[in-house]
């Protein structure tokens, strides 16, 4: 137990990095996945196949491969970013493929009659998307997106392979140094459970608040 | 606590059900001009219809028409609209091509496209090396699913038990397994356990964490499948005097498992992807061997990883094809219980052509 007490600061710093990685990657994945999702339903065949191609490629790849290749390839493309940023990019690119599918399926759950009704009262396509389809689609997307948030949080651990010192990396290092696995891994377990539990609770609350009672 | 947790999980199950159903709704959108197929289409889709075309939104999603609002978002264009769309398509294609060109140019400038770097991949010995690694990937994947699936089913059923003494601990274990990063568990087996005196070969250091992770996921899949079944099914079972165990075994599980097969295959894809953590424990699977090969070829990582990526995409594509095939198979086999139309779950209704 001593190790945990002595190095509590380091563990917390690692945890902070995990949380930051999670939040930033998830936000980036929401933006990228949202754009891809819109491409997925766009009236232009080029955009639709671009998004479909992206989704089917990235979803079938292992996260570790995506992250390692991103970290390796970005400098080759002339983008020298910090390790943290590279890992964030890789993680966001991976999660975005799932977000895209969640958005598309969310829009598919909205009945077609809603669009027809919107058109009948004279809304333009953009208004229809913004005022009718997306608000309803978002409600059915809360839970899957919450699951993706948790998946992002768990995915950040892969960053430790690339050398980012997040929670798993810190624990690995401390364990190599002090060889006290039980205390170290237990403390990190508590932190990970707290993070995913928080994600689950927030999604649950959001979903209850947004639900329409019919 | 457990009450709210259960409720929350129920919601989760329902909403994944909804979203997966939506993802795989293969019904083409009704054409107002042609009422006959619309009516036929609508007929088999009761309240639960999408459940039978369950999960795994696989690659086939690309070709089929979009369902729901997504399918009718844009009106069929007139003459001017068509012209605009053609213009937009050309512009978008040009943008994509430009982006690809920049990427290629940059890669070329760093010498990543030189034939000398790709040439090793044409050598038979190197291909043999990578394909033997594929064998190890498959072995780890198959073993982890073979152990994780039955264990997960048992955990899922334990969590559904009506005895709180059973369901609460089972739920806690499942939630714990699901909220730990796989890599973190791998570290524990790789670094933690040996110092406690438990040393095992890399194969098990990789497979046991994947199994543990899989147990959590499979348990939730099974639970969601059981909960998604209409209540009337088990109520009918109780009404004719079956016990809880009998209801589960004879009525609920056979229907749930059928509906779940595609999801289970989706989970198999995940397990296969997870074996890449063999990279960390030095188990000779694709990712690890790719890394070894990359350093052996003096930094040709990109080229080797490219091939590894292609192998993974091909493998998972095959699996999702399998999921599709299973779906059509289960859709055609006769049901063990023959419920009245429209009131019963629509799992396994023979597809009318």
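Placed from the backbone N, Cα and C atoms, the Cβ positions cover glycine too.
Residues or ranges marked as domain 'ABC transmembrane type-1' in TrEMBL: A:15-203.
A Cβ distance under 8 Å defines the sequence-distant neighbours of the transmembrane segment (A:20-39), meaning residues of its chain 6+ beyond its ends; these are 47-48, 50-51, 54-55, 84, 87-89, 91-104, 107, 145, 148-149, 152-153, 155-156, 159, 164, 166, 195. Per TrEMBL, transmembrane segment is recorded for A:20-39 (among others).
What TrEMBL records for A:51-75 (among others) is transmembrane segment. Residues 36-37, 39-40, 42, 81, 83, 86-87, 89-91, 93-94, 96-98, 100-101, 155, 158-159, 161-162 of the same chain lie 6 or more positions beyond the ends of the transmembrane segment (A:51-75) yet place their CB under 8 Å from a CB of it.
According to TrEMBL, the transmembrane segment annotation covers A:81-100 (among others).
The transmembrane segment annotation in TrEMBL covers A:145-164 (among others).
Outside the transmembrane segment (A:184-204), and at least 6 residues removed from its termini, the chain residues within Cβ reach (under 8 Å) are 3-4, 11, 15, 18-19, 22, 142-143, 145-147, 149-150, 153-154, 167-168, 171, 174-175, 178. Annotation source TrEMBL lists transmembrane segment at A:184-204 (among others).
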